[in-house]
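Enquirer: First, the structure itself, so that you have it in front of you.
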Amino acid sequence: MLMINSFDNPRLAQAFVDYMATQGVILEIQRHDTWDIWLADEAQAERVKAELSYFLAHPGDPRYLSASWQTGQLNAGLRYRSYPFMASVRAHAGPLTLGMMALCVVAYLAMSIIGSPQVAVWLAWPFDPSLKFQLWRYVSPLLLHFSLLSLIFNLLWWWYLAGPLERSVGSGKLLTLTLVTALVGGVIQYQIAGPWFGGLGGVVYALVGYVWLRGEREPESGLYLPRGILVFMLLWLAIGGLGLFGNKTANADLVAGMLIGLAMAMTDTLHARKRK
(Lines of atoms letter the chains of each structure in order from A and count residues from 1; the text may use other names and numbers.)
(Lines give C-alpha, C1' and ligand atoms only; values in the text may rest on other atoms or scores of the structure.)
Protein backbone atom coordinates (compact mmCIF):
# COMPACT_ATOMS: atom_id res chain seq x y z
CA MET A 1 0.00 0.00 0.00
CA LEU A 2 1.08 3.57 -0.71
CA MET A 3 0.43 6.49 1.65
CA ILE A 4 -0.97 9.40 -0.34
CA ASN A 5 -1.29 12.18 2.25
CA SER A 6 -1.92 13.00 5.92
CA PHE A 7 -4.68 15.34 7.09
CA ASP A 8 -5.10 17.09 10.41
CA ASN A 9 -8.79 17.57 9.64
CA PRO A 10 -10.79 14.31 9.42
CA ARG A 11 -13.61 15.94 7.46
CA LEU A 12 -11.26 16.99 4.69
CA ALA A 13 -9.82 13.47 4.61
CA GLN A 14 -13.27 11.95 4.30
CA ALA A 15 -14.32 14.43 1.62
CA PHE A 16 -11.34 13.43 -0.54
CA VAL A 17 -11.87 9.71 0.04
CA ASP A 18 -15.57 10.01 -0.82
CA TYR A 19 -14.81 11.92 -4.01
CA MET A 20 -12.23 9.38 -5.17
CA ALA A 21 -14.76 6.62 -4.52
CA THR A 22 -17.06 8.29 -7.06
CA GLN A 23 -14.14 8.06 -9.51
CA GLY A 24 -13.74 4.34 -8.91
CA VAL A 25 -10.66 4.62 -6.68
CA ILE A 26 -10.86 3.01 -3.24
CA LEU A 27 -8.79 4.66 -0.53
CA GLU A 28 -8.39 3.75 3.13
CA ILE A 29 -8.13 6.09 6.10
CA GLN A 30 -5.90 5.00 8.97
CA ARG A 31 -6.28 7.17 12.03
CA HIS A 32 -3.29 7.87 14.27
CA ASP A 33 -2.22 11.37 15.38
CA THR A 34 -3.34 12.44 11.90
CA TRP A 35 -5.73 10.95 9.33
CA ASP A 36 -3.56 9.12 6.79
CA ILE A 37 -4.84 8.26 3.29
CA TRP A 38 -3.61 4.95 1.83
CA LEU A 39 -3.97 3.56 -1.70
CA ALA A 40 -3.96 -0.20 -2.28
CA ASP A 41 -3.70 -0.10 -6.08
CA GLU A 42 -0.40 1.71 -6.62
CA ALA A 43 -0.99 1.74 -10.39
CA GLN A 44 -3.44 4.59 -9.78
CA ALA A 45 -0.98 6.63 -7.71
CA GLU A 46 -0.32 9.36 -10.29
CA ARG A 47 -4.01 9.91 -10.90
CA VAL A 48 -4.75 10.11 -7.18
CA LYS A 49 -1.88 12.54 -6.55
CA ALA A 50 -3.09 14.79 -9.37
CA GLU A 51 -6.59 14.82 -7.88
CA LEU A 52 -5.11 15.49 -4.44
CA SER A 53 -3.25 18.56 -5.69
CA TYR A 54 -6.47 20.05 -7.02
CA PHE A 55 -8.34 19.10 -3.85
CA LEU A 56 -5.80 20.80 -1.58
CA ALA A 57 -6.06 23.97 -3.66
CA HIS A 58 -9.87 23.91 -3.92
CA PRO A 59 -11.33 22.03 -0.91
CA GLY A 60 -14.62 23.90 -1.19
CA ASP A 61 -15.32 22.81 -4.77
CA PRO A 62 -18.93 21.54 -5.03
CA ARG A 63 -17.74 18.23 -6.49
CA TYR A 64 -16.35 17.31 -3.06
CA LEU A 65 -19.33 18.55 -1.08
CA SER A 66 -21.72 16.29 -2.98
CA ALA A 67 -19.47 13.23 -3.25
CA SER A 68 -20.99 11.29 -0.34
CA TRP A 69 -24.46 11.63 -1.84
CA GLN A 70 -23.23 10.55 -5.28
CA THR A 71 -21.81 7.32 -3.89
CA GLY A 72 -25.16 6.43 -2.36
CA GLN A 73 -23.65 5.77 1.07
CA LEU A 74 -22.09 7.92 3.76
CA ASN A 75 -18.96 5.82 4.18
CA ALA A 76 -18.15 5.06 0.55
CA GLY A 77 -14.62 3.83 0.20
CA LEU A 78 -13.93 4.61 3.84
CA ARG A 79 -12.51 2.01 6.19
CA TYR A 80 -11.25 2.81 9.66
CA ARG A 81 -8.99 0.73 11.81
CA SER A 82 -10.59 0.00 15.14
CA TYR A 83 -9.15 1.82 18.14
CA PRO A 84 -10.03 1.77 21.84
CA PHE A 85 -13.14 3.74 22.75
CA MET A 86 -11.36 6.38 24.84
CA ALA A 87 -8.75 6.87 22.11
CA SER A 88 -11.57 7.56 19.66
CA VAL A 89 -13.15 10.04 22.07
CA ARG A 90 -9.86 11.90 22.49
CA ALA A 91 -9.11 11.86 18.76
CA HIS A 92 -12.41 13.61 18.04
CA ALA A 93 -12.02 16.34 20.66
CA GLY A 94 -9.66 18.99 21.98
CA PRO A 95 -8.71 19.85 25.56
CA LEU A 96 -11.59 22.27 26.17
CA THR A 97 -14.14 19.78 24.86
CA LEU A 98 -12.79 17.01 27.08
CA GLY A 99 -12.33 19.32 30.06
CA MET A 100 -15.95 20.45 29.97
CA MET A 101 -17.14 16.85 29.76
CA ALA A 102 -15.02 15.90 32.78
CA LEU A 103 -16.28 18.85 34.84
CA CYS A 104 -19.92 18.03 34.06
CA VAL A 105 -19.42 14.42 35.11
CA VAL A 106 -17.67 15.47 38.34
CA ALA A 107 -20.48 17.92 39.13
CA TYR A 108 -23.12 15.25 38.53
CA LEU A 109 -21.31 12.75 40.75
CA ALA A 110 -21.00 15.40 43.46
CA MET A 111 -24.74 16.06 43.23
CA SER A 112 -25.40 12.32 43.60
CA ILE A 113 -23.08 11.94 46.60
CA ILE A 114 -23.39 15.24 48.47
CA GLY A 115 -26.86 16.17 47.30
CA SER A 116 -28.20 18.35 44.51
CA PRO A 117 -29.24 21.29 46.73
CA GLN A 118 -25.77 21.72 48.24
CA VAL A 119 -23.93 21.54 44.91
CA ALA A 120 -26.48 23.85 43.31
CA VAL A 121 -25.85 26.41 46.07
CA TRP A 122 -22.14 26.33 45.17
CA LEU A 123 -22.57 26.54 41.40
CA ALA A 124 -25.89 28.28 40.75
CA TRP A 125 -26.36 31.68 39.11
CA PRO A 126 -26.04 34.46 41.76
CA PHE A 127 -29.28 34.06 43.71
CA ASP A 128 -28.45 36.79 46.23
CA PRO A 129 -26.94 40.27 45.69
CA SER A 130 -24.04 39.32 47.96
CA LEU A 131 -22.96 36.68 45.40
CA LYS A 132 -22.79 38.89 42.31
CA PHE A 133 -18.99 39.24 42.49
CA GLN A 134 -18.45 35.46 42.55
CA LEU A 135 -17.76 35.52 38.83
CA TRP A 136 -17.66 31.76 38.28
CA ARG A 137 -21.40 31.65 38.97
CA TYR A 138 -22.11 33.25 35.61
CA VAL A 139 -20.65 30.16 33.88
CA SER A 140 -20.85 27.30 36.39
CA PRO A 141 -24.58 26.59 35.85
CA LEU A 142 -23.43 24.90 32.63
CA LEU A 143 -22.08 22.08 34.82
CA LEU A 144 -25.38 21.38 36.60
CA HIS A 145 -27.44 18.51 35.20
CA PHE A 146 -30.40 17.34 37.23
CA SER A 147 -30.92 13.97 35.56
CA LEU A 148 -28.68 11.31 34.06
CA LEU A 149 -30.58 11.46 30.77
CA SER A 150 -29.99 15.21 30.49
CA LEU A 151 -26.28 14.74 31.24
CA ILE A 152 -25.82 12.01 28.64
CA PHE A 153 -27.83 13.84 25.97
CA ASN A 154 -25.95 17.11 26.40
CA LEU A 155 -22.48 15.56 26.64
CA LEU A 156 -22.98 13.46 23.52
CA TRP A 157 -24.01 16.50 21.49
CA TRP A 158 -21.29 18.65 23.07
CA TRP A 159 -18.65 16.06 22.10
CA TYR A 160 -20.07 15.64 18.60
CA LEU A 161 -20.23 19.38 17.86
CA ALA A 162 -17.57 21.02 20.04
CA GLY A 163 -14.85 18.51 19.19
CA PRO A 164 -14.67 19.22 15.44
CA LEU A 165 -15.10 22.95 16.04
CA GLU A 166 -12.19 23.03 18.49
CA ARG A 167 -9.96 20.96 16.21
CA SER A 168 -10.83 22.97 13.09
CA VAL A 169 -11.20 26.53 14.36
CA GLY A 170 -9.43 26.47 17.71
CA SER A 171 -10.06 26.40 21.45
CA GLY A 172 -10.38 30.19 21.59
CA LYS A 173 -13.44 30.24 19.36
CA LEU A 174 -15.09 27.42 21.31
CA LEU A 175 -14.37 29.20 24.60
CA THR A 176 -15.80 32.48 23.30
CA LEU A 177 -18.95 30.80 22.01
CA THR A 178 -19.39 28.94 25.31
CA LEU A 179 -18.89 32.00 27.53
CA VAL A 180 -21.13 34.30 25.49
CA THR A 181 -23.90 31.70 25.43
CA ALA A 182 -23.55 31.00 29.15
CA LEU A 183 -23.84 34.70 30.02
CA VAL A 184 -26.67 35.64 27.66
CA GLY A 185 -28.59 32.42 28.24
CA GLY A 186 -28.10 32.75 31.99
CA VAL A 187 -29.54 36.26 32.05
CA ILE A 188 -32.57 35.09 30.07
CA GLN A 189 -33.15 32.06 32.28
CA TYR A 190 -32.75 34.13 35.44
CA GLN A 191 -35.31 36.68 34.26
CA ILE A 192 -37.83 34.00 33.30
CA ALA A 193 -37.44 31.30 35.93
CA GLY A 194 -35.05 32.47 38.63
CA PRO A 195 -31.53 31.25 39.47
CA TRP A 196 -32.11 27.51 39.74
CA PHE A 197 -31.29 26.30 36.25
CA GLY A 198 -28.44 24.44 34.62
CA GLY A 199 -27.12 22.33 31.78
CA LEU A 200 -25.26 22.60 28.50
CA GLY A 201 -28.39 22.76 26.37
CA GLY A 202 -28.02 26.40 25.38
CA VAL A 203 -24.39 25.93 24.39
CA VAL A 204 -25.27 22.79 22.41
CA TYR A 205 -27.78 24.78 20.37
CA ALA A 206 -25.25 27.58 19.91
CA LEU A 207 -22.90 24.96 18.48
CA VAL A 208 -25.64 23.64 16.20
CA GLY A 209 -26.22 27.13 14.79
CA TYR A 210 -22.54 27.96 14.47
CA VAL A 211 -21.34 24.69 12.93
CA TRP A 212 -24.22 24.52 10.46
CA LEU A 213 -24.07 28.10 9.20
CA ARG A 214 -20.29 28.36 9.06
CA GLY A 215 -20.10 25.02 7.27
CA GLU A 216 -22.66 26.22 4.73
CA ARG A 217 -21.00 29.59 4.12
CA GLU A 218 -17.35 28.55 4.49
CA PRO A 219 -16.89 24.85 3.58
CA GLU A 220 -13.11 25.15 3.70
CA SER A 221 -13.38 25.73 7.46
CA GLY A 222 -13.76 21.97 7.83
CA LEU A 223 -17.04 22.34 9.73
CA TYR A 224 -20.12 20.48 8.55
CA LEU A 225 -23.47 19.56 10.07
CA PRO A 226 -25.72 17.15 8.15
CA ARG A 227 -29.06 18.76 7.46
CA GLY A 228 -30.85 15.75 8.89
CA ILE A 229 -29.28 16.48 12.27
CA LEU A 230 -30.21 20.15 11.96
CA VAL A 231 -33.83 19.21 11.27
CA PHE A 232 -33.86 16.81 14.23
CA MET A 233 -32.51 19.48 16.60
CA LEU A 234 -35.07 22.02 15.37
CA LEU A 235 -37.89 19.50 15.85
CA TRP A 236 -36.59 18.73 19.34
CA LEU A 237 -36.60 22.47 20.05
CA ALA A 238 -40.18 22.81 18.78
CA ILE A 239 -41.37 19.86 20.87
CA GLY A 240 -39.75 21.39 23.93
CA GLY A 241 -41.49 24.68 23.19
CA LEU A 242 -44.84 22.90 23.38
CA GLY A 243 -44.02 21.87 26.94
CA LEU A 244 -44.18 18.14 26.25
CA PHE A 245 -41.13 17.62 28.45
CA GLY A 246 -42.55 19.71 31.26
CA ASN A 247 -40.14 22.67 31.09
CA LYS A 248 -41.06 25.32 28.55
CA THR A 249 -38.90 27.98 30.23
CA ALA A 250 -35.68 26.13 29.38
CA ASN A 251 -36.56 26.53 25.71
CA ALA A 252 -35.76 30.25 25.84
CA ASP A 253 -32.16 29.36 26.66
CA LEU A 254 -32.00 26.96 23.70
CA VAL A 255 -33.44 29.51 21.28
CA ALA A 256 -31.02 32.15 22.55
CA GLY A 257 -28.15 29.72 22.11
CA MET A 258 -29.14 28.95 18.53
CA LEU A 259 -29.38 32.66 17.67
CA ILE A 260 -25.99 33.38 19.27
CA GLY A 261 -24.38 30.58 17.27
CA LEU A 262 -25.90 31.80 14.02
CA ALA A 263 -24.87 35.39 14.71
CA MET A 264 -21.27 34.45 15.53
CA ALA A 265 -21.01 32.23 12.45
CA MET A 266 -22.35 35.00 10.23
CA THR A 267 -19.90 37.50 11.73
CA ASP A 268 -16.92 35.17 11.33
CA THR A 269 -17.72 34.28 7.73
CA LEU A 270 -18.24 37.94 6.78
CA HIS A 271 -14.86 38.82 8.27
CA ALA A 272 -13.24 35.90 6.45
CA ARG A 273 -14.65 37.08 3.11
CA LYS A 274 -13.46 40.64 3.72
CA ARG A 275 -9.92 39.37 4.37
CA LYS A 276 -9.99 37.63 0.99
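Glycine residues also receive a Cβ, built from the backbone N, Cα and C atoms like all the rest.
I grabbed these lines from Swiss-Prot:
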type: TRANSMEM; residues: 94-114; note: transmembrane segment
type: TRANSMEM; residues: 142-162; note: transmembrane segment
type: TRANSMEM; residues: 168-188; note: transmembrane segment
type: TRANSMEM; residues: 192-212; note: transmembrane segment
type: TRANSMEM; residues: 225-245; note: transmembrane segment
type: TRANSMEM; residues: 252-272; note: transmembrane segment
Enquirer: Under 8 angstroms, Cβ to Cβ: which one of 94-114, 142-162, 168-188 has the largest number of such pairs with the transmembrane segment (252-272)?
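Expert: Stretch with the highest Cβ contact count: 168-188.
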Enquirer: Who are the chain neighbours of the transmembrane segment (168-188) in space, where the CB to CB distance is under 8 Å and they lie at least 6 residues beyond its ends?
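Expert: Counting only partners 6 or more residues beyond its ends, the transmembrane segment (168-188) has Cβ contacts under 8 Å with 9, 11, 94-97, 100, 125, 138-139, 141-142, 162, 197, 202-203, 206-207, 210, 221-223, 252-253, 256-257, 260-261, 264, 268.
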